[in-house]
Each structure stands twice: as structure tokens, then as C-alpha cells.
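Inspection log for the structure reproduced underneath, given as C-alpha cells.
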Amino acid sequence: QQIQEDLNKQLLDNLLSFLSRSHSDFQEKTTKWTCRMKFREIPTAALVLGVNVTDHNLTFRGLSDVLQDNITPYVALLEAKDCPGIKNLMQKLMGQLMNCDIEVDSLEDEDCVQVSQNRIRCSMPSLVSWYESVTKKTDSETPSKKRNSSSRHWQSPPVVVIFKDMESFTTKVLQDFIVISSQHIHELPLVLIFGIATSPMIIHRLLPHSVSSLLCIELFQSLSCKEHLSTIIDKLLLTSRFPFKLGGKVLQVLINIFLYHDFSVQNFIKGFQLCIMEHFYSQPLSVLCCHLADIKKRVYSLSNDQCENIRRLPSFRRYVEKQESGKQVELLTNDSFLKEETEKLLEDLHVYHENYVSILRCLHVFTSSLPKYPLGKQIRELHCACLENQVWETEEYESSLQLARMLNKADLVTMLQQCVEILMSSSGKEFNKTVEKLKEFLTQFQNLEAEASQERDVSVSSQKELQKKTDLYHLQKTLLELKESRRSKKLTKFEMLRFEVVDYIDRLVRKYLVPADKRTLHEIVYFNAATVLRGHLNAAPRTALHTALNNPHWYLKNQALKCDGGGISNKAPDICIVYKLHLECGRLINLVDWLEAFSTVVMAAEEPNADAASSDEVDDIIHARFIRAVSELELLGFIKPSKQKTDHVARLTWGGC
């Protein structure tokens, strides 16, 4: 929440500045406001938020809180679903401004709202009268009260109306409201804010010129949702503050859902929270997923069963296999020795995270400056590549190195300076020598400039000597030597230094960006169950529906419903029996045959009754149950009435799930 508030701060500050200018014009009755009043223009902010509609509520909530805390208590948030007509819009608007709840359904035939003991008609003149009475009451307060209120709100504060989803409002409602409001703009300091998900051009598509000309529009653009996501990943995942980490495949699942489904940062965070809950619920050793200062306390409080769980971890078993035979016996039999070793391994894992993040940022400095972005422009793409496999073995990494060996001196110097800043700000203790080496490279680049100027002087003098040689033999000999030197293409000092810098960065990558699944005890900290997460987030309604109807025991956990070999239990719900029978039919299903089969299954466990009257009642009940089950199946979309035969229905679904 804090990160999102910081990201929206610039946008909110710009909106506050816009409201301040609009309000000052009204309050001082300046020439600018007089002109606007003459043309009946309403100050309007067009707020383009992007297609990530699920994130808009948080932005509007923050905007409303900021306005009510600093500028005006009169803020109304309107949604299209609550405003099908102008009457509903006015009811909702006046209800929010006057702090009274309004049920639109109960006021369909009335145009009034109940405020205290009075009924006020929902119209713009009533709103103007109410505003004037409220502001006069504020002006007549005692100086001390007035000083306290003015410290938060402005004198004669504006009335801000926010249309959260402008595209969803009907054209007539918007037109009527704008035309009516423009006629009272000289009495009411009204400011409109349009929440736009697509493009500002939607204003001119929804509103004709005669209406849009009544608006004084200023455009505001929110931060891109991709930039928003990159900041969230940078602050939440690429940090050593939080011990919990996401595996490469899990992170890729969340990013793919973001990129290919909704662009919603809120849904990404919900997926991240789901990963946290799933990890701490399913991993018995998640108690050790803690900060560095708490490791020792938690390790030495482990039970015998938890020690056995550590020994069962695949990464720990690989670690044991690499040890000497004596140490292997101690690790597998001695719990005290195991706890000491676990404490050391978890501390090493924390150090690995700190070093990993620092070197990842350094590598991103190089790769993001390359022209083709082989490893991606965003750091999240590079992070996923490093988590999934050894990044230095990929073709993208090799092409990145080749491009880095072609960078000019200015770019290299800038990158090295950024890497020095990153490593100096890192909490890792292993980078002192690395920082010294990078500074040494910077010094060598500076020395190259002086040497380059001397070489230019030498080349100029050699050309002059060449011009002085008039003897044909010596002239040909000198030209042949120059030609041979060009053929050999001997590397310059700058090219050699550039190769040395790139090779050094490559060694750092190979040392510190080892994939997390290669580290011992990574299962304690990393959540890698991508299949489980995908099952939670990627809904498969048809599969779930088929499972529920074909095997109700899966959800109801009732042993009476359990049947093997594809049989049909008469204890199952009616719709399940009807569904399983319909799977055995072709394209057209005869209702009479279907009813007989249903009756046979239902009556299978019941004894035959000799009483004809009671038998007829039973048949009627079974008939009614069958009709209801078939109607439910039709509602779910599995069948539909057939026009070919009136006593048949057509099947709509085929194939297994």
C-alpha cells in the first residue's frame, strides 16, 4: 500500500494543483473565472488510468481521501451501475454530499432525499441552496472553529464529482448532467473528474461538441501498469528485507496472468499473498523462513519430526552426498549437529540473497543499455531468467556479452559508475574487493584519454615524416608495413580493457547468480509449486462442473456417493444422475427414454409397492424431480430444446474434460 501511495503521489499532487487553480478562480471572482462563467465552462480533469480497471478503486479511494483531508469535504464518487438515469445520478450525488444513505430502488417514484427531518428535492437548484446554506454556516462559526476548519479545508470549498468509469455511463445521462450543471456554475464551484480506462477521445465520442464545449478539460496520465508492476517486484521481491521468495516458474505464472489477462497489479499482489499462505500452510519447515536475527532461536527449537523433515529435503540430501562419510553419519543421526549445520546453511542462504540482488542489478545495468535487449529490458525479465536456469548458458546471455564488447567508452564508464554505487550501497560484505577492481577499471579508462591524445600527436608526426620521404623504395616499404599492421588488426588498449571489463562482469555473474534451486535448503524459503498456484488462479469452470456432476463425492465427501467402475448411485443428487445418463446419449436425447432410465436408477434400491395409488404418487414425484433436474441442466448449458422433434432435446457439449 505504501509503494502504491508513493507511485500515485505525483498524480495526486497534479490533481490538487489543478483543483487549487480552479478554486482560486472561483473564490477571487477573477477575470478568468468571469470568462469561464460567461461561457458556462466546468473545470474538468480527464484522468487516464489504463485498462487495469480492478486497480482504479484504490486510486480513487486515495484521491477521495486526499481531497477530503486537504481541500474539500464535498466529494462524490459515482459509478455507472448506480446511475442509469439522471434522477438516479442526482439522488446518488446529493446523498453522498449530504452524508445520507439513499436506496435508489425505494425512490424510483420520488425525487427527494431525507436529510435530518427535511425532505429535499433532488435537483441542481436544491443542491445550490444546500451548498450556500452550508458555507454560510461555516462562515458564521466562531473564529477558533473557523480557524480549525480552514486549516484542513479551503474557504467555500469546491464540489468534486468523480465519474469512476466514464465509458460505462450512458450518453444521455452525461449530457443532461453537464448541461444542467453548466447553468449553475456561477453559483456552485463544481469540478468534474472523469476516470478513463481507454483514451481521452472517448469524451468526444460520448459527448457532442455542444456539450463538450461546456467543459474546460485538462488531461492527467497515471503511471503505466507495467512500470507499476516493475516497482512492486523491485521493492517486494528483489530485497533482503523479506525472507519469503518466489520461485522462477511461480513468478512467471503471476507475470503471465498479469500480461495476458488483466494488467492488474492488485490481482498480482493477491496472487503473491496466495503464494505466502500456500507456502506457510503446506511447508512444515516454513517456521524457518524468518529474518536473519531469528534463525538461531527457531533452529534450536526444532522438534525431532522437523529434523527428519530437513533430512528429507532433496537439496539437503544432495548436500549430504557431497560430504565425507563421518559428517554424513553425524548429519543423519545427530540432531544437535544437524541444527548447527542448518543454522549455518540458512545464514549462507541469506548472504546468497543479498549478493544475488546486488549482482543482478549490476547485470541489469549492462543488459538494459544494449540496443536489442536480449535478456529483456525490465529487471523482472532478467530475474526470471536467472531463477529458472544458469543464465550464462543461454544464447541470450552470449549475445548480450557480444553486444557489451562493442559498447563505447562513455557507456562503459557510466555503467561502471552505476555498478560501484549499487555495490557500495549493498549490505553484502564480499564486495569490497569488487568495488576496488571496478574503480581500478575507471582509473584505467581515464588514463586512456591521456594516452590517446599522445598517440594522435605521434600519428600526425609519422604522417609528416612519410610525406618527407621522397625515395620510392623507402616509401613502398613504409606503406607495406602500414598495410600489414592493418591486416593483423591488433587490439587497441581500449578494446583490451573493454574485453577485460566484460569478462570480469561475466565472472561475477557465474559466481553470484547461481539459480536458487541449486542452494541447500532453498525449499524452506522459496515457493515453487507453480502447478498448485495455476490451479488456484487459472479457473477451469467446465472441468470443475464436470467433476461435480460426474463424481459428486469429490466435493461432498459423502461415502454413500462413492461408486467405482463408472456406475450411477441412486443416492446422488438428481442432476448428477441426469448428467451421467445424458453422457451415454447421442446428439438428440429422447425425453421419455431419459425419464425411464432416471426412474430405473432412482427406484433401484426401493422395494416394489403393491398399492397402485401410492405408486402413482411416486411416479409423479419422480417425474417432477426429473423435470427439475433437466431444467437445471438446460440452465447450465448442457442441453437445449430441439426444433426437429418436440419430445427430444439436443446435446451441446462433447468430449472429456
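Here the Cβ of each residue, glycine as well, is placed from N, Cα and C on the backbone.
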Among ranges 11-38, 291-318, 319-346, 431-458, whichever one TrEMBL labels coiled coil | 431-458
Per-residue pLDDT averaged over the domain 'Origin recognition complex subunit 3 N-terminal' (1-288) comes to what?
-> 82
Which residue counts does DSSP yield for the domain 'Origin recognition complex subunit 3 winged helix C-terminal' (542-654) in the helix, strand and coil classes, in that order?
-> 61 helix, 10 strand, 42 coil
